[in-house]
Amino acid sequence: MGKPKSTPVKTQKSISSFFTPKSSQKPQNSSPPPASNAPENLYDAQSDQETNETAEITGNSSKRTLEEDANGGNTGATERPSKRAKNVDVEEEDGEGSSLPAANARKAPSSSMLGKSKPSTRTNKYMFSGLSQSVAAEPTIEEELEEESEKARKADLHRKFVKKLGHPDSIKRSIPEDDAALEGDEDMEDEEEAPAPVKTKKKGAKTGKLTPMELQVLDIKRKHMDTLLIVEVGYKFKFFGEDARTAAKVLSIVCIPGKFRFDEQAHLNYFASASIPVHRLPIHAKRLVAAGHKIGIVRQTETAALKKAGDNRNTPFVRKLTNVYTKGTYIDDIEGLDSTDAPSGGAPATGYLLCITETKAKGWGTDEKVEVGILAVQPATGDFIYDNFEDGFMRSEIETRLLHIAPCEFLIVGELTKATEKLVQHLSGSTTNVFGDRIRVERVEKPKTMAAESYSRVAQFYADKLKAHQSSNNAREQELLEKVLRLTEPVTICLSAMITHMTEYGLEHVFDLTKYFQSFSARSHMLLNGNTLTSLEIYTNQTDHTEKGSLFWTLDKTQTRFGQRLLRKWVGRPLLDKQRLEERVAAVEELKDNVNTPKVDKLNATLREVRSDLERSLLRIYYGKCTRPELLTVLQTMQRIANEFAHVKIPSDAGFDSVLLNEAVASLPEIGGVVISFLEKINAQAARKDDKYAFFLEEYETEEIGEHKCGIGAVEQDLEAHRKEAASKLSKKTPVTYVTIAGIEYLIEVPNSDLKKVPASWAKISGTKSNSRFHTPEVIKFLRERDQHKESLSSACDTAFLAFLAEISTHYALIRDTISQLATLDCLLSLAAVASLPGYCKPTFTSTTEISVVGGRHPMVEQLLPSTYIPNDTSLSTDPDNTRALLITGPNMGGKSSYVRQVALISILAQIGSHVPAESARLGLLDGIYTRMGAYDSLFTAQSTFMVELSETASILKSASPRSLVILDELGRGTSTHDGVAIAEAVLDWVVRETKCLCLFITHYQTLASVARGFEKGKELRNVHMRFTAERNGKQVSNANADKDGEDVNEEITFLYEVGEGVAHRSYGLNVARLARVPKAVLDTAASKSRELEAEVKQKKLLGLSKMISNVLENDVDQLEQLIIGMEQL
């Protein structure tokens, strides 16, 4: 007989971790666990009060059966032993013996993981405990007095371990660390030593001596080569082969050496592996998908008790790929649902998956044209954005849509053109891109018959949905089907590809929600292209691409996640509909004026009480992935909101003057009746504890649930009746009393003095010096029946819960509309909070295109500056008698760019519906804002700085309309002065004469000031400059006389940041060089060269003027005007 193995005793009333979700139970009658985790057979003697004894194995004993089950039923194969570094028990590698005493004696998850309080008595009755059927291997140390022999045996084993592990220090890794640290630190995981080589020879050498479980994993991996598999093995999730190396790098966990590929490293008999605890799966899955990996969860699809009762008890546990996730499809992030705080750092994540396809390029060079189709879906909220458009060689249209949508994942159908491919790589290829994180890119082929196949697949998909939902809404669903079938060919191709793609992740149901399809190109919003979003810092700042300092950051005072998402849409798509805009502005004004009134306080209080992301939770309900506590939170939150406004029967009952506010508030109580009907069916206390067995009230439980509960009750009655029969066999008059030790129930304790009365058919489970504990054959049989009922009950509870979620999903549209109205109220209250800031005013809107602002300020800089921001006035209008363009000059760092951004941002704020930072604002509705600011090259399109500058300018000239605002900053600086001036003057003249839009033109070319004289009325273009003061040798120098003696390096420049009439005759570049601490010797040389060049230029101008004078004297009147202009410039 081999040497006994020590199995630690761990008190555990029941193992609820067989079910998902779990509930916690406190241990009872626990024996203390061992103080350390010594290697196999290296154990210390137990205490004198409780010494484990060797289990007696009889022909009728269940111990052999359980041991066979511990090996996954693989009687013909030898399993490798594994030595864990942080567990106190010895478990078989396959981890499939769910009912093993060794497995059940493991350290159970803490109560903080499984629930904050004990389940109800009703639930305890149905909790499955695999321990109850186990025969714990707790052998007694028979040779306790032979200390010398024991020491020699330990020393021999130690030498073997040293030889096996390579060096003595390696064994330190098997010492368990503090369990509290394991619970508290996400990076400390269950680690394993490399398994010892199997000494016995196995059959099937051609399979590389892999275990049946590893062969299962290998088979799944072959079918999903692009997926990182996370495999459930007992109480852990494990990674194998190359997946283990990848996971170890991302998660900072230990990778146990072994073969990384099946077809390589033939000298190794086992795969490399890494493992994580079961309760840490959501955290690590989120980290893996955030790193850009596609992960698959492989779960055991059968449980120990049902497997033992079935015909396949001698085969490994069946494992299947149950879930696949990527960054865009990971909707199981429960942590993110309970917080209203935005993620810190990085760009705001939208969670969109974007599918893109395009036709082959037509034309060549700058005449290249491509037709593009996009479809973006947000699985977490059910929103869709689609578009079909033509784009030029700069791909500015694609860039605009990508920056607006900010996808977290791309699906590319077919091949993209070279320019588009480079754009996608540029925007997503690094961790420092404008989206704030690395973007995952997947590709699918595009055969020549893709269009026809896509129409067929989409039509079939929605036709099947229509058949499956024959109801009163049949007409509405038919209308949605027709809407989908009217989509253009490129969009249909994207839709078909996306349906196929989402089906792999089990999220194809999101395409039922075609009500929320939205076209990006719908001209009901102001167009903000990609350059404008970046230049004006709409979503992120230009310094570190974070949200702080952006326009969205300035306006975001929302209290809910879904309100924050809606506000982001509002910021990127300012309104063009004057009626809707005035309704929104009026609502904000009313909320601002009534900020401390009871009705507004009630709205704020209601939003503050929303602790979860209702919009995402609703989609999880729709997908059938919602947890019981999450469902309870959603239903109770919706009930609380409905009760708060139960008195509102019609919109006028809300008590507001604003139609928008009244309609939003009136929609909130509509959901009350539906929510209450669902809450009446569930047990709130059980739902809060994630208790599946008591979730439904008894009258609403399904027949199957009741049947299995009755079965469990009958078995427990049989166990109670068996007490008398057991007592009679022990010659006792009173019924025996069952005891529970280390989580093993229904033990019969017999004093060692009465062991001769115990029948041989009784299986000894454990014992002490004074007592022994047994299971009778009848108890083993009853417990097996009870466990089968419990596992069937667990499955029935899960099935009933999914049916309950499906029933709630039938009211998806009503609940979604209520949440949307709640988000609208959140956004309006956020804008009202901004309007309450000092110095903000309500804008008024006109039918003409104009911008008339008094005392305007930059909304973001004002909040970031510690000092007061200097306000400025602006007056632009497309009326013939007014100025529609400003030519802005001034010294470097004088505030020119901040001023033009301020004008644009005030226009955007007004059309969002917000108050604006100004004393007064009278604005027309702009259909677009176009900017050309900054200097940068474009390596991904192989374009120089000047090429990018002119390409963007050309795009603006083609796109701008008389209702647009165009901002051009230092156009022409990327080339020589003469060419730059020529291009800048031509563009300025075209914008003012031909396009006739509002324009702000910044330049350092003072000669452009003469363009204003070329207009008949002299008002269309006006020269302004950023005011400043200059002191030279203690004397103030006026702007008019600033350039008489050239620039002096010792001049002190004071920026006034005010807009004044006229032209600034100098840019004071040397002043900026001095502020930048350029060496004084360099500054002196630069000042000298500057004076020389200016003198040379003046000399040339004088020479030219002298020639003109001679021509004028010869009666050449045509040159008289040129003469006058030249003299003014001098």
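Along the chain as shown, residues are numbered 1 onward.
Positions of Cβ are set from backbone N, Cα and C atoms, glycine also.
Summarising the annotation, Swiss-Prot assigns ATP binding site to Gly890, Pro891, Asn892, Met893, Gly894, Gly895, Lys896, Ser897 and lists sequence analysis as the type of evidence. The Cβ of Ser897 (ATP binding site) lies under 8 Å from the Cβ of Met933, Asp969, Ile1002, each of these being in the same chain and 6 or more residues away along the sequence.
Marked as compositional bias 'Polar residues' by Swiss-Prot: 8-20 (among others).
The compositional bias 'Polar residues' annotation in Swiss-Prot covers 44-63 (among others).
Summarising the annotation, Swiss-Prot assigns compositional bias 'Basic and acidic residues' to 80-89.
The feature compositional bias 'Polar residues' is assigned by Swiss-Prot to 109-135 (among others).
Marked as region 'Disordered' by Swiss-Prot: 1-152 (among others).
Among the features that Swiss-Prot reports, region 'Disordered' is placed at 168-207 (among others).
Residues or ranges marked as region 'Mispair-binding domain' by Swiss-Prot on the basis of similarity to another entry: 207-328. Taking the region 'Mispair-binding domain' (207-328) as a whole, pLDDT averages 84 in the prediction.
Look at the region 'Mispair-binding domain' (207-328): DSSP puts its residues at 42 helix, 32 strand, 48 coil. Classification of Gly894 (ATP binding site) by DSSP places it in coil, neither helical nor stranded. The Cβ centroid of Gly890, Pro891, Asn892, Met893, Gly894, Gly895, Lys896, Ser897 marks the ATP site; residues of that chain outside this set whose Cβ lies within 8 Å of it are Met1026, Phe1055, given in sequence order. Neighbour density around each Cβ, counted as other Cβ atoms within 10 Å, peaks among the binding-site residues Gly890, Pro891, Gly894 at Gly890.
In the structure shown, the C-beta of Gly895 has more C-beta neighbours within 10 angstroms than that of any other entry among the binding-site residues Met893, Gly895. Highest Cβ count within 10 Å among the binding-site residues Asn892, Lys896: Lys896.
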